[in-house]
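Undergrad: Pulled these from TrEMBL:
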{"type": "DOMAIN", "residues": "14-474", "note": "domain 'Major facilitator superfamily (MFS) profile'"}
{"type": "TRANSMEM", "residues": "7-27", "note": "transmembrane segment"}
{"type": "TRANSMEM", "residues": "77-100", "note": "transmembrane segment"}
{"type": "TRANSMEM", "residues": "112-134", "note": "transmembrane segment"}
{"type": "TRANSMEM", "residues": "154-174", "note": "transmembrane segment"}
{"type": "TRANSMEM", "residues": "290-313", "note": "transmembrane segment"}
{"type": "TRANSMEM", "residues": "325-346", "note": "transmembrane segment"}
{"type": "TRANSMEM", "residues": "353-375", "note": "transmembrane segment"}
{"type": "TRANSMEM", "residues": "381-399", "note": "transmembrane segment"}
{"type": "TRANSMEM", "residues": "420-443", "note": "transmembrane segment"}
{"type": "TRANSMEM", "residues": "449-468", "note": "transmembrane segment"}
C-alpha cells in the first residue's frame, strides 16, 4: 500500500470501537420482538390482569367463561406498545442535542460520556424483575432511545471521518450509506432471542439488559482511539494535534496534503453561515428541499416497516407460521443481504430510481399480505403468500426507502443548513417511528386482516410524491440540485399566475 493509505492497527480499533455504538442501536430495535408473549405475561401477572392458573382453568372449563391472553388485555397492550415506542421518544429528544455534545467535548470524549446512558438503560432492563417490570423496561427503553439518538450521529461520523481520510476501497461502497448500513446489519441478531437461548421466562431480562453491554466494551476501547482529525482542525483549529492524530491513524507519513484538504473544508464552512432550525423552517429558499427530506423520512417509517420489525413474530403467528421466531430470523437475514445489495446499486441505479422501485414494490407486497391474511383460513397455502410477501416487503425496503433518506439529506443541503436539516429529519423520523410503534397494535385490532391496506395506500402516495417531486442527486453538486428546485418553483409560480389570469378573464 502507499504510505498514508495503509490499514493500521489504530485505525482498525477506532472503526471497530465506533461501530459498537451502531450495534446498540440495531440491537435495541430488534431485541423487543422475539420475547413479546413472555414479556406480556409478566406484565399481566404483575398488573393483576392475568394469571397462568386462571388461563389454565379457562382452557379446561366447560363453562363459557373466557380468560383472554395476557397480550389481548387493554392495559397490557398499552404498556407493551409504550415499551416498544418509548425508544423513539428518547431518540427524538436527543436528535437536537447531538451536535452540541459532539462539538463541546469532541467525538471520543462525547461518546464516553453518553455511554453512561446505555449502561444505565441496560441495568434498568436487566434488573426489571426486582421491581415493577413494565416501569423498569419502559424507563430503560426511553434512556436507551435517548442514547441511540445521540450515538447515531456521533459514532458513524467518526467512522466516516477515518475512512474518508484513507480512501480504503473496501469501505467506499459502505461509505455511501454511512448513516444506515451498519445499523441495519447489526439490528438483525434475533437468534439469541430464541426460547432455548435467552428468549424464555427466566432469561428475557438478560436479553434486554445485554443492549448495554457494547457500551462497556466501547468505554474500555475509546481511550485507545485518537480524536477525529477533522474535529481537531476544523472546529478547534489545532493543526498540530490534528497532525498527531493523523499520524496515529495512518502511521508515519507526510500529513500536509490531508491538512490542506481539511483547511479548504474549514474555509468553505466559514464562508457559509450556519442556518438555525427556525431559520431553515422559515426560509423559502430551502422549503422545497426540506419538504422532500421530511417526506422521504416519513415514507421510511409510515411504510409499515417497523410494524414488521417490532411485531413480526406476532404477524407470522397470525399468518399461520408454526415457528414464527424462525421466520423472524429469516426477515433479519434478508434484511442484511439486501442492505448489501443496496450498497452495490446506489451509485449505479441512482437514489430516486431505487426509492421508487422500493416504495412501489412495498406497495404491491402490502396488498399481497392483505390477500394472504384474508384468505388463509380458506386456503392453507395462503400462509406462504403472506410470508413471501413479508420477505419481499423487507427486501424492497432495504433497496431504497431504508437507507437512502438518511444520506440524501446531506446531498440536498450544503454546509450551512445541513446540521439543522439533519436534526429536523431525525426528529421527523423518530416521531413517526414512535407513532407506528405505539399505534400498530390498536390499528391491527381495528382493521384486522386489512391492516396492511392502510400502509399500501400510504406507500402509493409516497411513490407518487417521489416521482413528482424528488430529483436525482447522484453525481450532482449542491448548485445543480438547487437549480432543479428553483426551476420547479418558478414553473409552479408561472402556472399559478396563468391560472389566476384565466380565472380573472373568465370572471370578466
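Every residue number used here counts from 1 along the chain in the order it is shown.
Placed from the backbone N, Cα and C atoms, the Cβ positions cover glycine too.
Help me picture these features in the structure, burial and contacts included.
TA: If one looks beyond the transmembrane segment (112-134) by at least 6 residues along the same chain, the residues whose Cβ comes under 8 Å of a Cβ in the stretch are 24, 39, 42-43, 46-47, 79, 83, 101, 105, 140-141, 143-144, 146-147, 150-151, 154, 205-206, 208-216, 218-219, 222.
The list of residues near the transmembrane segment (290-313) in space but at least 6 beyond its ends in sequence, with Cβ under 8 angstroms from a Cβ of it, reads 29-30, 32-34, 36-37, 84, 187, 280-281, 324-325, 327-328, 331, 355, 359, 362, 366, 390, 393-394, 397, 401-402, 404-405, 408-409, 412-413, 421, 424-425, 428-429, 432-433, 435-437, 440-441, 444, 452, 454-455, 458-459, 462, 465-466, 469-471.
Sequence-distant contacts of the transmembrane segment (353-375) (same chain, six or more residues past either end, CB-CB distance under 8 Å): 296, 299, 303-305, 318-319, 342, 345-346, 382-390, 392-393, 395-402, 404, 449-453, 455-456, 459-460, 462-463, 466-467, 470, 472.
Taking Cβ pairs closer than 8 Å, the transmembrane segment (381-399) reaches residues 184, 303-305, 308, 312, 315-316, 319-321, 327, 330-331, 334-335, 338-339, 341-342, 345, 354, 357-362, 365-366, 368-369, 371-373, 375 in its own chain, all 6 or more past its ends.
Long-range Cβ contacts of the transmembrane segment (420-443) within its own chain (Cβ-Cβ under 8 Å, at least 6 residues beyond either end) map to 77, 80-82, 84-89, 91-92, 95-96, 98-99, 145, 149, 152-153, 274-277, 279-281, 286, 289-290, 293-294, 297-298, 300-302, 304, 306-307, 310-311, 405, 409-410, 412-413, 451, 454.
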Undergrad: Over the domain 'Major facilitator superfamily (MFS) profile' (14-474), what does the predicted model average in pLDDT?
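TA: Mean pLDDT, the domain 'Major facilitator superfamily (MFS) profile' (14-474): 81.
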